[in-house]
Structure formats: structure tokens, C-alpha cells
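See below for the structure under consideration.
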Amino acid sequence: MSNNILDIKEIFKVYPDGVIANRNVSMDVQENSIHALVGENGAGKSTLMKVLFGITPYQGGSIEYKGSEVKFSNPREAIAAGIGMVHQHLMLAPDLTVAENLILGMEPLRGKLFLDADEAVRICREASEKYGLAVPAEKKIRDLPIGVRQRVEILKALARNAEVLILDEPTAVLTPQETDVLFKTLDGLKAAGKTIIFITHKLSEVTRVADRITVMRDAQAIITRDMDDLDEVKIASLMVGRKINTERIPAPVKIGSVKLSVRDLKYTNSDGVEALKGIDLDVRSGEILGLAGVEGNGQTELVEIIAGLMAPDSGSVTIDGTSVLSLTPRQIREAGLAHIPEDRMENGVAEVASVEENLIVDRYYKPEYNTRGRLYWKLITEKSKELIKKFNILTKSSKTNVGSLSGGNIQKVVVARELTSNPGVIIAAQPTRGVDIGSEELIHNLLKQARDEGKAVFLISADLDEVLKLSNRVVVFYDGEITAHFKDASKVEDVDLGPYMLGIKKEDAASGKMDS
Amino acid sequence: MEKWILKYFTLIRVMIALIIGVIVTILMIYLISEYPGESLKYFFTGPLASKGRLFNILEMAAPMIFCGVAIAISFQADQFNLGAEGSFIIAAAVGTAFAVSTNMPALLHIPLVLIVAGVTGAVWSLIPGILKAKWNASELVSSLMMNYVAFYFSLYLINSHFRDLDAGFLVSLRLPETAVFGQFITGTRMHFGIILAVVAALWAYYFLYHTTSGYEFRQTGYNKSFARFGGINIIKVIILSQVLLGFIAGVGGMSEVMGIHGRFLWQGQPGYGWDGIIVAIIGRSHPILIIFSSLLLAYLRVGGQVLNLMGDVPAELVNVIQSLIILLITAEAFLGQWKYRITRRQAEREEAAK
Ligand SMILES: Nc1ncnc2c1ncn2[C@@H]1O[C@H](COP(=O)(O)OP(=O)(O)O)[C@@H](O)[C@H]1O
Ligand SMILES: [Mg+2]
């Protein structure tokens, strides 16, 4: 084929810690097409794009761009050659304006020294018009919603004359409505002659916009082909090697009394932003309450306050009727809380500690595990081995460092610890982020099982499929407030949640309370 | 084989650093010395040539072990407290003052003086701990500053209040017979303090790896957020780790006075706090390994002394070697490429085996 703009051949990449992220991966991209790169979390998609973009070195293979071999040693060279990349985590300076971000590294100068602010705004407006991407040139990035920030990143790449645009999981942080807008933009760019590579693991998106597709699994490219008649089911089976299960779990049969109760909880962060504006909610024994919402709308603060890691300005939190706000994290755990944290590497584990050391952090001080301060390591090893077996944690031994396990297995260590402390209330924040499909199913089953045992489960997730699959009730969070409460999640579709997630719609006096 | 290398990589790295240190030493001696063969012999076999020198090594290693272990405990809790030096000296001064002003049987006097010294060191070291826990003031800076305060306060205390006017130079009064260590090998300076140092190291090992508090220390050192999340009281860990540091360093200081000199006679900073950091780094903050790294450093020091005395190479040579070894051990990138290549080959091999 002569109209290949990119020809990636046999890329081999090992990270310094021994993880093979790309195992002889090949992929060709046709000029002026939208090319979807799909695969589960950890399949090696971001790595491949980082190799292409000159961010990370690789050990084997070659890249042909516009008919000649290239090897970019840094992103600047890639940009100069006409390749642009919008990263999974946006990389804009929050305190600069849109225009200032746009011209970073190619600043128009006044008198050779000073930034020409007017010229910057003019460049920004011009680019914005040329590509039909509306952005507020003079606003600070900090004040913009994620969807708009992303548009700024795209524009930034285009303003540097990108012909090939790489988007790494652009839709992960967007609501369904914002996703629609993004896809219109992509169609527009294609019409303007650009080539787009976009990474996702949501299959409905692929069938909607892609012309061609590459499927990655387990560090390898399984296939590259035209979309033609390929449907979601076929892609899914290519992606995971087996069928995934998004079917909703049956509703709980026995719901009991309120276990976790939050009332009028308010918190203003150090920047003066009201992160929580008076939150009310209840979670009852035997149910899963799902909290949907774009990340960064106050979910993290809510969870950290409940767990005692942060103090609110006002309001109350009770577990089983006891107020927990003045208690230490340990006392709150003893009151019956278990917590799967959203950031597992930060809070969930100590990477350089062994699996068994990680498994006992919430219980080592109990009489079972020591007498007068002397730890029973033999017993701890035995119990750890049981957990490793029960939760199917793949590790060489209980003495292996947690940091050398894969993401899914690290998460299983966290889950194994949290679900075996005999809690009454379980907070699960992004419990399956970045884990493989097998672990995801295991974790979902465990949460369901905990629910059926009468525990109160509070699920916080940015993944709407996950929220809808597991929850029997759903509340939606936007800008520190609950904007909607769906008492019967089985009647809800993801598109119903979108307007509330964006704050476009809001129920009057919405809360997650049960008596309302 | 390669698996084995990966497993013990840090230890192997230390060994290689030591070997490079030795090679550089040999080269330097060849460059500096008129008769390098002789000099090499003085340096490497000199320390082992007589019983006296052998005991010299042990005696010199004792305060290094005390301070190294003290520092290792705080390192393990991720506290970078440089206050061992200050605790060491102020405990020695206050302990001396207490010893010369009290009178009781040896069986009581010795432990009591050690406890007074240890508590003094602990209280002294508590100050940076509290500053850190309350206001997040860097313990590195505050403990460093406080070393000077400790030093001058000690000089003031001894020189103005407990000075031996008959001695003819600036030293404290002699400790009463009831407060000095006996020698356990007569005719040498092998005092009870050396045994105490090894006991301190063994205790620290037990504490760090077998007790709930030690577990708390290590988890806090590995990842503070994780420790807090799991329910560990990290304020307690920060404070307790500094207290232990001060206590052990303080006992070490007093034990020097009670074992070797019989009186407080430092008029300059003795530098054991710094030696402690060196042996803690070479021993990877592991109390048992610190016994060996202290012996190694003491061996090099004695070798340097012999060389200085008998040969024509200055003892400062040892400082050069010591710095080189530390540099190699702490430079994360040293041998990093080698490790990467092995890791990669290993990954590919496991791959092929699948
Ligand atoms: N900087 C890194 N160092 C070590 N391992 C990494 C690094 N980045 C990614 N990995 C590992 O490489 C594999 C592929 O990751 P990635 O390319 O991010 O996957 P994807 O984008 O498909 O989710 C994963 O196992 C991941 O843990
Ligand atoms: Mg990725």
C-alpha cells in the first residue's frame, strides 16, 4: 500500500524494571484516516505511541514515516516532523491562559525579550477559527472543564502543524455528551486532511468513528485491518481473547438499615475552592450505592473525609450510628470501615514492602498477630498464603515485593486486605482502574458477594459501565454537589447520567438520603 | 545466576564499590609512595599485625556501631536526622557530670549513668522530632544546627563546672571507679562498651524486623501515605524514631567516656555522628550489616594510621577511599545499565520459556 503515512515495524520495548510492554509490534496507518488503537489497560498502547513520539527509547524495530525511516530521540523532533500527541493525562499549565499554553515553546516576542500577549491571543484565535475548535483564548486553564482543556491540547498540536495527531484515551475523562463533541471534531479534522490515531478501550467509540483498527493484547498487536463489517463483539473477543461481561448484576434481595450516613458535609480546599457543598447520603446494609461523576468533582475529598484522612469544615459522618469525624484512621477502621483507595500506589500499598507486609497493615497490632509487640511472622506468612490463594494473587511468594507485581495483582492485594477485615462498610474507589479483565471480574464478584453478606458498599467510579453494572442506586456528582439520585439503577442508561455529570441538569434538592 | 544477581543486586553493588575502593587505594599508594610494596603491606596487613592493633579496630568500631545503628533506625523510618553527633556529645557531658557528682556501688552506678546519658541524648534528639511532627520543619536542618548547640553547651558544662583543675589541660574530673567499664580482656582496652555496641545492634535488628513498632517504622519509611491510610500513627513514628536515635547515640557517647578515657576530654567535635552516617549507608541501614561496615571502616582507619606512622603516605588517604565508596554506593545510576541489561535478558528468557 502506497498511502501509508506511518509504518511501525516490529517494535520491541522493555522497561527498566523488566516489563515487556511491546513485543515486536507492527502497525501501519493510512494517510487521512481515523485509526483506532484498542486494547485492555496495560496492553502496551501508550508505550507504543511514546516510542513513536520519541518519549521513550526502544530496543528493536523501526518506524517509517512518509516513506523514510525515522527515529525521534525526543518529542521536539517528532513535532517538527508533523506529529502531535495529546496525552492520557493532559499536560497544560493550569495557571496560564489558553493562549499562553498554546504558544508555549514558540512564543511571539516583543522587543526580543517580552512575550507579546496580544499576538499570542491572535495566534490562538486564528488557529481556533482555522480548525473550527472554539476555545476561550484569555481564560485560565484552571477554570475550564476537562472537555475544553482537551480541545486546547488538540489545538496546541495543530498550531504546530501536526499532520498526524495521536490522542491517548481522550474519552476516558469525558461525559458521553463531550465525547460526541470530540468525535465531531475528529471528523472535521479528517475532512481537513489530517491523520488521527486514537487510543481507547471503549468499543462503541471505535465502531462510531474509526476507519481502521489495530488491536493490542498482552504487549502484541493481534491485528491491523479496515473496520468494514467489524462489530463490537468481534473486537471485544480479539481484545481479551474471551467475552467480557457487562451484564448488570441482579438487584439485592435483602436491604437492611443505614450503615454509613453523611450529612451536610462541607469542605473548602486550600485554594479556596468549595470541593464539597453540603453532601447528604446514606448507604444501607446489603446494597451497593454507586457514585458516578467525572473525576475531580469532590469524590476524592468525600472519600478521604469518611476514611479520616482529611477533616471537613462542617457536617457529620456516622458509621453504624457512631460519629467518626474526630476519630483517627485506625479508629474508623475499627468502627467497621474498609477502604479500597482510588490511588493504589499512593495509599493502597508500599511498593518496596513484601506482599505479606502489605496485607497486615490494618491488623498487625491485634492480639492475634503479636504478643507484647513481638510479631508472629510464621502465622502472618501462613495467613498471607491463604489470602494469596483465595484472591488468586499471582506472585512468586508472600515475601515478594508488591512493586514487582502487575497492576491487577497489586489491586488484588489491596482488595484481599480490605475485604477480609470484617467491615460493615466498604468504600471502593475506582476499584478496577488499570487492572486486567480477569481481575476486574473477580473484584466485581467480590463486591457483589460482600453486598450479599449484608455489607454496605459505596462504589465510586469514573467508569459508567462499572457503576451501572454493580449498583442498585446511583447518585451523580458534579462540582461538589449531588445533582441526581436514581433510586432504581436498573432503569438508568449511561446517557441519562451525562447531563447531570456536566451540571447541565440538576434535580431539585438532590441528595443520596434514604428518607427523602 | 542472573536471577541471583538481580536478587542480591544492592549487596553486590556495595561489594563492587568496595572492590573499586581497594583498587583505587592500591593505585594511589603506587602513585604517592616511594616504596609502594612496603606501604601496601602496612596499609592492608598492618591493622592485623598485632593483637594491640586488632583490638584497636574493635575499640574504634564501637562508637561507630552505636551511632550507625542509631542513624539506621531513623533512616528506616525515612527520617534524615543528623543529630547523632549532638546527642553523642551532650549525653557524654551530662552523663559525666552526673557520674562525678554521685556516689554509689558500681552495679547501680554504671547502669544509672548510662541511662542518664541515654535519656539526655533522647531528649536532645526529641526537639527536631517535635519540630518536624508539629510544623514539618526539616529534621535535617534543625538537627544539624543543634549539633553546634550541643557541642558548645557540653564544653561549657565541662570546662566551667566539672573541669579537673589538676590535670593541666582542659578535661573533666575523672569518673569514680564505680562508673567506669572494666576490661574483659585484661591488658587491652577491650571494654564492656564494645559488647554493649553489638548488643545494641542486635536489639535494633530485633526491634526493626520483629516488633510491631519496628514494622510501623519501616512501613512509614517505605510509604508515609500508605502507613497513615492503614492506620499507623506516623507522628508517633517520627517522634519515637528520633528518641531512639538520641538514646542509642547517647549511650554510645557515654560508653566511650566510661570505657576508654575515664573522663570527658573532647575539645573538638569527635565526628562519630558522621562516621555513623557513613557506616549506616555502607550497611544499607541494616543493623547487622552495620556491625561489619563499622569494622571495615575502623580497619581502614587503623590501616591509615599505620601507614602514616611507618610509611610515607598520609592517613587522609582513608578519607578519599571512604568518600569514593560512599559515592559509588549512593549513586543510584552506578551499575544501573548493567542491571537493566540483565533485567531485559531475564525478561526475554522468561518470555521464551512461556
Ligand atoms: N514507565 C514505566 N516503567 C515500567 N513499566 C511501565 C511503564 N509504563 C508502563 N509500564 C508497563 O508497561 C505495560 C504497558 O503499559 P501501557 O503502555 O501504559 O499500557 P496501555 O496504555 O495499553 O494501558 C504495563 O504493564 C505497564 O505497567
Ligand atoms: Mg495507556
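First residue shown is number 1, and so on along the chain.
Glycine residues also receive a Cβ, built from the backbone N, Cα and C atoms like all the rest.
Per TrEMBL, these features apply:
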type	residues	note
TRANSMEM	B:12-33	transmembrane segment
TRANSMEM	B:53-75	transmembrane segment
TRANSMEM	B:82-100	transmembrane segment
TRANSMEM	B:106-127	transmembrane segment
TRANSMEM	B:139-159	transmembrane segment
TRANSMEM	B:192-209	transmembrane segment
TRANSMEM	B:229-251	transmembrane segment
TRANSMEM	B:272-297	transmembrane segment
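If one looks beyond the transmembrane segment (B:53-75) by at least 6 residues along the same chain, the residues whose Cβ comes under 8 Å of a Cβ in the stretch are 46-47, 81, 84-85, 87-88, 185, 188-191, 193-194, 196-198, 200-201, 204, 207-208, 217, 221, 241-242, 244-249, 251-253, 255-256, 259-260, 270, 272-273, 275-280, 283, 285-287, 290-291, 293-295, 297-299, 301-302, 306.
Relative to the transmembrane segment (B:139-159), the listed stretch B:82-100 leads the set B:82-100, B:106-127, B:192-209, B:229-251, B:272-297 in CB pairs under 8 A. By the Cβ criterion (distance under 8 Å, sequence gap of 6 or more), the transmembrane segment (B:82-100) is counted as touching the transmembrane segment (B:229-251), at least 3 such pairs being found. Outside the transmembrane segment (B:106-127) by six or more residues, the chain places 81, 83, 86-88, 90-92, 94-95, 98-99, 142-143, 146, 150, 176-179, 181, 239, 242-251, 253-255, 258 with a CB less than 8 A from a CB of the stretch.
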